[in-house]
């Protein structure tokens, strides 16, 4: 249900346009060989994707959910850095889950708004027939995903083609193969739409 709202041509075009430039805007600081991450500014207004995605949802995603993930990711990286320095292999293993969970979360659409052109537009037409067909495939994959997770548009470096894949929970696309590079990740978690669901339920209840 949420996916049919999220994966519209407009919202997907926003993400595809960003994919032509950079995959993720992250501020990176370096201290004693430890890289940590900061929450980048959203490159468009929170309400730019309405009515597909509300401004309230976008602001909640960006300022609360993504900031929390980045904070916890940095904390886990710092603990990992210390554990490696101490030779504490048990802690290193234990931290892998937190790093995977929090590091796999901060993904969002950036900039643009026009349907993709150039090499990306040509690749979409070659591998999916059209942008509309790609949106339909993404919708179908998202609707079939049980529980929380992500639907990805990625590049298979070995086959040199675009692919659509899904992952559960916070698992990144690389878990489906080291040859896969993410271009756009679309959130199928309940926090992507629950405010609208609650609001609609309240209207129906009245």
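Note that Cβ sites are derived from N, Cα and C of the backbone, with glycine treated the same way.
The annotation domain 'Manganese/iron superoxide dismutase N-terminal' is assigned in TrEMBL to 36-104. With DSSP classes pooled into helix, strand and coil, the tally for the domain 'Manganese/iron superoxide dismutase N-terminal' (36-104) is 51 helix, 3 strand, 15 coil.
The Mn(2+) binding site feature in TrEMBL is assigned to 61, 187, 191. For residue 61 (Mn(2+) binding site), other Cβ atoms within 10 Å of its Cβ number 21.
Positions annotated as domain 'Manganese/iron superoxide dismutase C-terminal' by TrEMBL: 116-196. Each residue in the domain 'Manganese/iron superoxide dismutase C-terminal' (116-196) has a pLDDT score, and their mean in this model is 86.
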